[in-house]
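*Asks:* There's a structure below that I have some questions on.
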Amino acid sequence: MTVAAGIGYALVALGPSLALFVSVISKKPFLILTLLSSTLVWLISLIILSGIWRAFLPLNSATWWPFAILLFTSVAFQEGLRLLFWKVYKRLEDIMDAFADRVSKPRLYLTDKMQIALAGGLGHGVAHAVFFCLSLLTPAFGPATYFVDRCSQIPFFLVSAIIALAFVMVHTFSMVIAFNSYAEGNKVDQLFVPVVHLAAGMMTLINFASGGCIVGIPLLYLMAILTLMHCGRMVSRRLTENHRQGSS
Amino acid sequence: MWKSYNFPVFLLSESSTSTLQEIAMKNEKTERAYTTNVAEFDVVMQTTKVGTHDSESCLKEETCLPLGGYSRKKMSFANRSDVYSYGDITILLRGGMLRGGSVWSALPPIDRLSSNQSKPIILAVASMDAQSFFRDKSLGADSPISGMISLLAAVDALSHVDGLDDLNRQLVFLVFTGEAWGYLGSRRFLLELDQQSDAVHGLKSTLMHLVMEIGSTGRGLNQGNKTFFAHTEVSSASNETLDALKLAQESLKSDGVTISTANSSNPGVPPSSMMAFLRKNSSTSGIVLEDFDTIFANKFYHSHLDDSANINSSAIVAAASLVARTLYVLASDNKNLTSSALSAINVNASLVEELISCMLDCNPGLSCELVKSYISTTNTCPNHYVGVVLGEPSSTPHPNQVDDISRFVWNFLADRTSTPKGDTSVCSQDCGKKGGVCIRAETDGKGVCVISTTRYVPAYSTRLKFDSGTWQLLPPNSSDPMGMLDPVWTESNWNTIGLRVYTVQDAAYDRLVLLGGITVTVLAYLAILLTRAYITKALKQD
């Protein structure tokens, strides 16, 4: 695609992440570190998954169920890693709280913890967008464009950018929900995150059908918006609770 | 075809053509208004780029090379402003074509050491290069390759005849290249003959008794009968040849072969190498054997469509039989000529079939058994474009400077005209000293030394001279009437030629996408700021 279009696609996929980074993450170095390490963890999870699945390649693209199994195992693995990520974070939080006590500085606020979760989620989202969208754009600069047969209304790159944006939203806000639910011990929310992640992944299988992207992509965005709203509700609930606790 | 066009013309393969047709149809009925399918041409001709638009200037600037024998790598094309070539839709590179020269061979071999070299010579001539609008698709099946195949088959038939040594006259076979481009081969040959150069050692123009040219023979089949015509110039004395042809026809009556004199209202000989011989010496006794009388029978003359579907092998076999028996009659000078001797000369029809499939088809093409037994080549599809001359032309070129067809013809003629049969040895340094040549040198490394008089003759325009590394254009010479009309064909240097087809989006659509991306980013930023403000306010609320 042309340079102008390429920048456009990249901004569609990563523009909101960039905005979030600039306005929130870049202000605190610890958040930047969290973002980078979570990106790394996500990429490592992909490497491990691809190592395991290498033995089963190439998958027959005429049928959809091998991909369903692939998605299921990948999501399961990544959710497992999320739990691990949480455990590491919990340990770090304890260390930081202990350190704060020692130097008589305040402990981590709730908003700080949420920002750390947000940075973690954003790391996952950015990794997803870079891996599944940006990597397609970089070799494709040139005068031509490309349309896929099964989704022939919009250019292929635009489709992948839109899907990447949806997943950025899902990953970013899922992490906030997940960390909060682990902290609170809320079983429903703990289940919410893997279910939504899996559902979002499975939605993309609808794109296999001819013209399926017209149905699949809106459904995917439904998942993303669901995650966003749930996260918003949860955050506002916790903040008001905390505020009431603090003031009382 | 000689017109100048200011746009490139590509010839695509079958599969590429159908792909392109599909894409063009898609353009017609597209549902998306903002995309079109486009084609991108990648063709760079150095003469156009540098601005040297004629042969003289481009030779001086070294942006082109002259057409002829012994070229090496860079290809070229005739000096027109834009060029055309055979292309595939993905990438095209026709590189590394090597060119050869004309080939001549004597049957029986001329004894170099013997002082008795005064037998009159019967020259049988054909040409091996073709021309078309698309240089990589120049097969020339009827014109002139069918004639060349007839000559090669005739040589094969005559090689089985005993007692050729005792005949009164010497047979010499000559296969020219470059004839399609201003008769370079024949003109250069005659010049070398005048200069008595090494390439023509053993031949003298004073010994030339008569010339018989075999033009196109592939379309001589008419309702089961094979008819050919003998064209002569009005003033030349060719009764002897015509009588010999009649004798040969008599002996082939059962095969339905007829040869007639061409219509007397024809203005002399058709376009042929004979013209060069006649311009030099108008009293040369010569005839041109063709499959047409007053008008060409080949409607694909000088076209890329002149392929093996355009000819008939039985016509070629008939012409070859006619030529072989006529040459025998002429060489024997009517001494001890018996009809049994004549009917013993038979052309191998399967050899003709094999030559057709090797020279005019891609399958098996140059990887056929016959060709593989003489030369080693990586090409399979034969192409009869003459090519360019790279470096200094010489009479003893290195085999890897000579193109496949010339090398094959040289090896074939050397093998068939060699004597005695079966007395061969491995090639060594003194093969040449014994009056022999090394054949099959590429197939088994060493080669076989046979006693034969077979040589290459360089083929390039008589108006060119290779001097200290560059080509000089000589002024037209009034003693060379064909040279005066010669435009001196050259081919521009060129790089990879290709054709790409792809879909493009409107620039407006691209700008829309960019705007969309920026909008998404800005909206997200605003949303984040709002959320942050809300949270801060909520926290401060008391």
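Cβ coordinates are placed from backbone N, Cα and C, and glycine is handled just like the others.
So TrEMBL says this about it:
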TRANSMEM  A:6-25  transmembrane segment
TRANSMEM  A:30-52  transmembrane segment
TRANSMEM  A:64-85  transmembrane segment
TRANSMEM  A:116-137  transmembrane segment
TRANSMEM  A:157-179  transmembrane segment
TRANSMEM  A:191-209  transmembrane segment
TRANSMEM  A:215-235  transmembrane segment
*Asks:* Can at least 3 Cβ pairs under 8 A be found between the transmembrane segment (A:191-209) and the transmembrane segment (A:64-85), with each pair 6 or more apart in sequence?
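*Replies:* Counting Cβ pairs under 8 Å (6 or more apart in sequence), the transmembrane segment (A:191-209) reaches the transmembrane segment (A:64-85), since there are 3 or more.
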*Asks:* Sequence-remote contacts (6 or more beyond its ends) of the transmembrane segment (A:157-179), Cβ cut-off under 8 Å?
*Replies:* 1, 5-6, 9-10, 12-14, 16-17, 20, 38, 82, 86, 89, 113-114, 116-118, 120-122, 124-126, 128-129, 132-133, 136-137, 140, 145-146, 148, 151, 189-190, 192-193, 196-197, 200, 204, 207, 213, 217, 220-221, 223-225, 227-228, 230-231, 234-235
*Asks:* Can you work out which residues elsewhere in the same chain, 6+ from the ends of the transmembrane segment (A:6-25), have a Cβ less than 8 Å from its Cβ atoms?
*Replies:* 31-32, 35, 115, 118-119, 122, 125-126, 129-130, 133-134, 137, 140-141, 157-158, 160-162, 164-165, 168-169, 172
